[in-house]
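Record features, source TrEMBL:
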type     : residues                                       : note
ACT_SITE : CYS425                                         : active site, proton donor
BINDING  : GLY308, GLU350, PRO351, GLY352, ARG353, TYR455 : pyridoxal 5'-phosphate binding site
BINDING  : ARG353, ARG394, TYR398, GLU426, TYR455         : substrate binding site
DOMAIN   : 75-356                                         : domain 'Orn/DAP/Arg decarboxylase 2 N-terminal'
MOD_RES  : LYS98                                          : N6-(pyridoxal phosphate)lysine
REGION   : 186-205                                        : region 'Disordered'
Amino acid sequence: MRAHPAGPRHGEVLTPHPVGAAPSDLIELDRKVWPLTASRVGDGIGGSVLTVGGRSVIELAEQYGTPLMVMDADDFHARCREFTQAFGSARDVHYAGKAFLCAGVVRWLADEGLSLDVCTGGELALALRAGFPAERIALHGSNKSLAELRQAVDAGVGEIVIDSFDEIGRLVGLVDELTEAGPHADQAAAAAGGNGRPRRGTPEHPIDVMVRVTVGVEAHTHEFIATAHEDQKFGFSLAAGDAAEAVRRVLACSGLRLVGLHSHIGSQIFDPSGFEVAAHRLVGLLADLTSAHSELADTVHTLDLGGGLGIAYVSSDDPPAVDAMADSLRAIVSRELQAAGLAVPRIAVEPGRAIVGPSMVTVYRVGTIKDVALDGGQVRRYVSVDGGMSDNIRTALYDADYTVTLASRGSQAPGMLSRVVGKHCESGDIVVRDCYLPADVAVGDLLAVAATGAYCYAMASNYNRMPRPAVVAVADGVDRTLLRRETDDDLMRLENW
Ligand SMILES: *Cc1c(COP(=O)(O)O)cnc(C)c1O
C-alpha cells in the first residue's frame, strides 16, 4: 500500500473495494460478524433495538455515554474454550495481550486457564498486578530492554521469547549478574518479600527461553508467500542460519534453557496453509538442531506457531475453523517428527484477534449527516459519529473493513450508500468506508460497529484531546465496567501547570 501522510483514504491511494448492492435487510445481524449474544429486541419499525448480553444499547449509551465499547463476555469465554478444545490444553493457548488487555480480561484468562503473551514491561505489569500467574506468561518483543528482561525474570515468567542477538547478550549479562549474586540472592530476595520461588538464571534454575524463528512465510488474509528470506524486523532468519546460531548461543549459557521454537507469520489469516508451511519448516529446524545438540531432546517441549488467525469483519470474510486447523497442524508435526525419530512436542498458538476481536461492538451516536455530490452525479452520504480514529485507527491505518448497523431502532427505509466518519480533524478519519445504512438515518441515532475487540481500544489515542471510551462487559442482562471513560482531568494529569 502506498502511504499518504494524511492517511490512506486521503489521497485515494487505495484500491477500491467492491461495494455491491444494498442488502435486502439492513437490520438483520449476520451471526458470523456480530457477537454471540447480539440480537434485536422489539418489533416493527422503531422498535428493533440492538441488545448485547441482554442489555439494550440505548440504555447502555445513556448510562455510559458514547462512544462506548460493549464487550460480550459470553462470546469471549466461548472463544477461549473453542481454542482450548481444539488445541487440547488451555496452557498451550497464549492469548496475545496486545490485542486488548485490561484487569478484567486478565482475570477471565486466568480463570479459563489460558496462558498470556505480553510484549512490554507495561503489559507485564498489568498482568501481574491483576494476579495472573507469572509462570503462564510469556514475554515477547523485538526490543526488550534490560529492565524489562529483569522485571520478567524477577517475576518468574514462564518463558522469554528471544528475538535478537542483542537480547541474548542482555540475558547472558543478567545471568552473570544473578550467578554472581549467588545462592545468597535467594535468601535476600525472600527477606525482601520475594515471591518465594527460587531465583532464576542459575544452572539449577535456568531461565526458560524460546527462539523466535523467521521461517520465510508471510501470510495475510487470503494469500501467503513462502520464500527463503523475509525482510522484516522480527526473529532470527532460518535460511541465513541465524536461528541455529541463536540456539548455539543460548545453549552456551548455563543459566538459559531452550524450551521451544517460535514463529509468527502474519495477521488476519484465512488460509491455514501458511501455518502448515511454517510448522513444516519449524519441525525441520528442530530435527536438525536436535541431531547437532542431543540435549535439546530433553528440554524443547513446545513448538509455538504464533497468532494471526482471521475473523469475520464483514459477511464475505471466511475465517478457517479452529479445530480443523489444530488437527492439521498436529498431524504435520507428529508425522514429521516421528519420521525423524523424535518426541512430538506440544503445539502452542497465540491468538489475540481471534479471541477478543468478535466479542466487542462500538456504539456511536450520529452527530451530523452530509450528502456530498460526486463526479457522475452520485451522492455519498457522510455520517459523522462522536468517535473515530482515536478509538479505531484500523481503517485509516490498514484500510480495514467493518460492518455497521443502525442500533437504536429498526427501519424499512431503502439502503443509502454511506461512509461513517469520525469527528477528528483528518479527512482520513474514517470508521467504515463504504456501507449501506437506511436512508432515514438521523442525527441522534445510535450506530454499532461490529468486531472492534482487537487492536481498537489497544491502539486508542487522545488525538484532538478526545477521552478514550468506556469499555463495559455485558452478560445475562448485567453490565460491568471494565474500563471507565476518560475524563478531562485524566487528559490533563500530565500537565505541569
Ligand atoms: C500480534 C501477535 C500475536 C497475535 O496476533 P493476532 O493476529 O491478534 O492473533 C501473536 N503472537 C505474536 C508474536 C504477535 O506479535
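Using the three backbone atoms N, Cα and C, a Cβ is placed for every residue, glycine included.
Keep in mind it's a predicted model, so treat the numbers as computed, not measured.
On the structure: features taken from TrEMBL.
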{"residue": "LYS98", "record": "N6-(pyridoxal phosphate)lysine", "Cβ contacts under 8 Å, 6 or more apart": "ASP117, VAL118, CYS119, GLU123, GLY352, TYR455, ALA458"}
{"residue": "GLY308", "record": "pyridoxal 5'-phosphate binding site", "Cβ contacts under 8 Å, 6 or more apart": "ALA219, HIS264, ILE265, GLY266, SER267, GLN268, ILE269, PHE275, ARG353"}
{"residue": "GLU350", "record": "pyridoxal 5'-phosphate binding site", "Cβ contacts under 8 Å, 6 or more apart": "HIS94, TYR95, ALA96, ASP117, HIS264, ASP304, LEU305, GLY306, GLY307"}
{"residue": "ARG394", "record": "substrate binding site", "Cβ contacts under 8 Å, 6 or more apart": "ALA400, TYR455, CYS456, MET459"}
{"residue": "TYR398", "record": "substrate binding site", "Cβ contacts under 8 Å, 6 or more apart": "none"}
{"residue": "CYS425", "record": "active site, proton donor", "Cβ contacts under 8 Å, 6 or more apart": "ASN464"}
Cβ under 6 Å from ligand 1: qualifying binding-site residues of GLY308, ARG353, TYR455: GLY308, ARG353
Where ARG353 (pyridoxal 5'-phosphate binding site) sits in the secondary structure, as DSSP reduces it to three classes: helix
Farthest-apart CA atoms of GLY308, GLU350, PRO351, GLY352, ARG353, TYR455, residues recorded for pyridoxal 5'-phosphate, distance in Å: 15
Shell of the pyridoxal 5'-phosphate site beyond GLY308, GLU350, PRO351, GLY352, ARG353, TYR455, same chain only (C-beta within 8 angstroms of their C-beta centre): ALA96, ALA99, SER267, GLY307, LEU309, ALA354, ILE355, GLY357, ALA454
Neighbourhood of PRO351 (pyridoxal 5'-phosphate binding site), C-beta criterion under 8 angstroms, separation at least six: PHE83, VAL93, HIS94, TYR95, ALA96, GLY307, LEU309
Segment-level pLDDT (mean, integer) for the domain 'Orn/DAP/Arg decarboxylase 2 N-terminal' (75-356): 92
Cβ neighbour count (within 10 Å, all chains shown) around GLU426 (substrate binding site): 17
Mapped DSSP class for CYS425 (active site, proton donor), helix or strand or coil: coil
